[in-house]
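Undergrad: Below, the features straight out of TrEMBL:
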REGION    1-37  region 'Disordered'
TRANSMEM  58-87  transmembrane segment
TRANSMEM  108-127  transmembrane segment
TRANSMEM  147-170  transmembrane segment
TRANSMEM  182-204  transmembrane segment
TRANSMEM  210-232  transmembrane segment
TRANSMEM  244-263  transmembrane segment
TRANSMEM  317-339  transmembrane segment
Amino acid sequence: MEKETSSSDVSASHVGRARQRRRPTEATVDGNRTNGPSLLVNDHNKYKSMLIRTYSTVWMIGGFALIVYMGHLYIWAMVVVIQIFMAKELFNLLRKSSEEKQLPGFRLLNWHFFFTAMLFTYGRFLSRQLVNTVNSDHLLYKVVSGLIKYQMFICYFLYIAGFVWFILTLKKKTYKYQFKQYAWTHMILLMVFAQSSFTVANIFEGMFWFLLPASLIVINDIAAYLFGFFLGRTPLIKLSPKKTWEGFIGASVTTIISAFVLANVMGRFQWLTCPRKDLSTGWLRCDPGPMFKPEHYSLEEWVPQGFPWKEVVLLPVQWHALALGLFASIIAPFGGFFASGFKRAFKIKDFGDSIPGHGGITDRMDCQMVMAVFAYIYHQSFISPQNFSVEIILDQILRNLTFEEQRFLYQQLGEIFHERQLMQS
């Protein structure tokens with residue numbers, strides 16, 4: 001009995017010591033939580049991470065500048081590659097190897113839906129450019145026109161084929177996993193692919209409407225990082241512990257000013273402002289339009305007599321650039337906050353590790369997707385002409401009428417013009 005009592009006392013005292021040893025650790029953790037998140041300004045390894053991040057950023061900006069110089073078609077190819085990498089990173093989030101061993105070919109089904117959505121989206125966005133590219137070859141023109149005419153039916157048939165494929169592959173022990181993957185795939189197509197596809201529409205409306213919004217997001221991201229790095233003291237949002245009010249406000253001011261200045265610089269190059277009406281890679285020449293024609297504003301009433309500048313030359317598009325800069329600095333960062341909450345839900349730090357210091361492709365594209373949709377809608381609402389133009393009507397004629405119908409229309413127009421000339425004479 002004495003031995004049992006002593007042994008129980010020893011064990012009790014041992015447990016008590018263990019409990020006493022754990023308390024300081026728990027207090028430290030609680031203390032860290034009460035002290036708030038670790039900000040960049042207090043991070044001891046911040047200069048090392050900054051060096052890695054800067055190195056990757058320089059390479060990305062250099063490669064991006066080279067692709068922009070190569071032209072619209074190469075930028076489109078870059079967007080497609082980015083979409084594929086984003087889809088790969090997001091598909092892998094819910095992937096479980098144990099279930100997929102029982103489902104051979106199930107991963108291929110996800111990519112079937114992805115490329116079906118790609119065919120549908122780009123077929124809608126780039127049909128006019130594709131027709132204009134092949135209109136010199138009569139046979140190829142007829143084939144392409146037929147594909148575009150029945151493109152919606154073809155895409156729907158491909159989707160239904162994937163739907164039937166999914167139903168036929170359902171297995172009893174993996175129902176929940178398969179339906180979760182099915183819903184996850186459609187969420188990726190809606191939230192990622194559909195939004196980023198607006199980027200391609202912006203490219204062919206004029207590279208200006210792609211390059212300026214994308215540049216503003218990069219500037220906002222870099223400015224927020226630098227202001228938070230050196231001045232950040234006040235946490236901004238719990239979803240992103242290292243984001244600060246100082247970084248947010250400093251980046252907003254920097255982005256809005258940059259939007260006004262960059263619009264003036266980019267708006268003077270026809271290579272950036274002219275819309276691409278086909279899929280060629282040649283140099284562009286066009287009438288820049290009223291948005292990109294300089295306007296002179298007198299400063300004589302606002303400045304003293306000895307002031308050297310009596311007038312300032314601005315482009316009308318600069319005032320629209322302020323709206324883009326305001327959105328890029330205030331609203332677009334919420335795409336990053338959404339991604340942060342998403343990563344916290346899955347308990348991961350980054351979506352991938354393909355970009356050193358930045359994470360995955362998705363980590364860099366979260367704000368860009370939100371910005372691309374806004375830039376497209378803003379351009380269509382406030383910049384693009386709302387009435388029908390000769391080019392739009394001619395495009396509809398070439399796409400929807402047969403050769404015989406086009407010839408008949410030509411003869412009818414000729415008769416109408418002839419009758420009007422007789423009436424005027």
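Along the chain as shown, the residues are counted starting at 1.
Backbone N, Cα and C atoms are what each Cβ position is placed from, and that goes for glycine too.
Let's see these features in context: how buried, what's close, how far.
TA: With a threshold of 8 Å between CB atoms, the same-chain residues lying at least 6 positions outside the transmembrane segment (58-87) that come near it are 110-111, 114, 118, 188, 192-193, 196-197, 199-200, 203-204, 207, 210-211, 218, 276, 279-281, 352, 354-355, 360-362, 364-365.
Within the chain carrying the transmembrane segment (147-170), a Cβ under 8 angstroms from the stretch's Cβ atoms is held by residues 103, 105-106, 109, 112-113, 116, 119-120, 123-124, 127, 130-131, 178, 182, 399-400, all 6 or more beyond its ends.
Counting residues 6+ beyond its ends, the transmembrane segment (182-204) has Cβ neighbours under 8 Å at 72, 75-76, 79, 82-83, 86-87, 90-91, 93-94, 109-110, 113-114, 117-118, 121-122, 125-126, 129, 166, 210, 213-214, 275-277, 362, 365, 368-370, 372-373, 375-376, 379 in the same chain.
The list of residues near the transmembrane segment (210-232) in space but at least 6 beyond its ends in sequence, with Cβ under 8 angstroms from a Cβ of it, reads 39-41, 46, 50, 53, 57, 61, 68, 75, 199, 202-203, 242-244, 246-252, 254-255, 258-259, 262-263, 266, 272, 321, 324-325, 328-329, 332-333, 367-368, 371-372, 374-375.
Proximity of distant same-chain residues to the transmembrane segment (244-263), defined by a Cβ-Cβ separation under 8 Å and at least 6 residues beyond the stretch ends, is recorded for 39-40, 212, 215-216, 219-221, 223-229, 231-236, 315, 317-318, 320-322, 324-326, 328-330, 333.
Through the fold, the transmembrane segment (317-339) approaches residues 208, 212-213, 216-217, 220, 224, 237, 239-240, 243, 248, 251-253, 255-260, 262-264, 267, 291-292, 351, 362-363, 366-371, 374-375, 378, 382-383 of its own chain, all at least 6 residues removed from its boundaries and within a Cβ separation under 8 Å.
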